[in-house]
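Okay, structure first, notes after.
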Amino acid sequence: MSAFVRVVPRISRSSVLTRSLRLQLRCYASYPEHTIIGMPALSPTMTQGNLAAWTKKEGDQLSPGEVIAEIETDKAQMDFEFQEDGYLAKILVPEGTKDIPVNKPIAVYVEDKADVPAFKDFKLEDSGSDSKTSTKAQPAEPQAEKKQEAPAEETKTSAPEAKKSDVAAPQGRIFASPLAKTIALEKGISLKDVHGTGPRGRITKADIESYLEKSSKQSSQTSGAAAATPAAATSSTTAGSAPSPSSTASYEDVPISTMRSIIGERLLQSTQGIPSYIVSSKISISKLLKLRQSLNATANDKYKLSINDLLVKAITVAAKRVPDANAYWLPNENVIRKFKNVDVSVAVATPTGLLTPIVKNCEAKGLSQISNEIKELVKRARINKLAPEEFQGGTICISNMGMNNAVNMFTSIINPPQSTILAIATVERVAVEDAAAENGFSFDNQVTITGTFDHRTIDGAKGAEFMKELKTVIENPLEMLL
């Protein structure tokens, strides 16, 4: 009996699923009616991602809005919320799998729980060639159903095979804190190998660190044994492997995460493709510090301004005065796009790498609102809970290393297609000439700010003008109120 396959386009009710391929296939001679769940596109630029964890197991009921998996994109770990009623019949891709292309089948769901056992041995190849190769968005208009008779030689493969599936299904949800998941992904650790000591066996940061410490000890013991038998170690060397270090060398190979790979690609693109130049300026922040102290003294716990909050506002004012610094270079559109709004990207160090959450429309916001937004964004950035639109974009960037008193000057790499990034060093007390002082000098609090500019968008004279305006605003902070 030949198998007939009906492919029915289904339009999702979710913004996530509208960007992922979901094809309903019914094989009359094999499997009950079911739906293939594709790898979702969780951001406009996402082409692939890592499946960090399944939060549902095979046979579990699915309800609209429930999280069924955690997906790691290039710069964030995000929840995949499903928007249909049904049951998870088969997991096609195990958790921990990396670099899964968008739309690739990752699971199967059915509407009737009684159909779940039929998919015990369902495999990725059984999902049908159309579901793996089609990349175009499905049309919204209903299409006439088409039946296509399969060739006789393919009839055998339409029925479920008796042998066990190569994809092992997870044994249940693994509970872990967001920080623990982040560190595990960065270090290439499977959470299944870690014993959780938190409530309900929840894996914590301490559990991950304990696992790493034990692994390190075992590794050192192994290398010690190998060093004791150099003849055996020599014979085990294989051709084509990485150059072997000396017998006394100690090192650790850390897998390159998706995030580190993307950061590396973008920064390499920036350094090789942008004709950048730098302009540095020593700027007095004594008045800025006094303003901050005065405002915080009367805040009544409504806000607590940092130096960085004030600098973000100062950069905003300078960008409005010199629009060339607040622009994109867009060669594909043959334009330089100058923005009227100022969206400041704030560089934040996280356990997995650098993120740049965005404070949008800073020109229309006061200091307290900017401060509160930065604190909230930084908090979520450090546990990889930012939405893509919260860190993708921005019109100008600030990178602040002022908390490290060893950094008195540094430069940053432009984040394309932006044209400007400001590098903020630490505050230094500097002796300056002061005729009114008893000894002829006094001490001033100064900071070195270095701007890196894209010469295609903003000429050197304009870059210098921007730094002059920034210096003026910082040294006369009341101008931020104008």
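Cβ atoms here come from the backbone N, Cα and C positions, even for glycine.
Computed from a predicted structure; not experimentally measured.
Going by Swiss-Prot, these are the annotated features:
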type: TRANSIT; residues: 1-28; note: transit peptide
type: DOMAIN; residues: 34-110; note: domain 'Lipoyl-binding'
type: MOD_RES; residues: Lys75; note: N6-lipoyllysine
type: ACT_SITE; residues: His455; note: active site
type: ACT_SITE; residues: Asp459; note: active site
Close in space, distant in sequence - Asp459 (active site), Cβ under 8 Å, 6 or more apart: Asp324
Asp459 (active site) in three-state DSSP notation: coil
Residues near His455 (active site) in space but at least six apart in sequence (CB under 8 A): Pro275, Ser276, Tyr277
For the domain 'Lipoyl-binding' (34-110), the number of residues DSSP places in helix, strand and coil: 0 helix, 39 strand, 38 coil
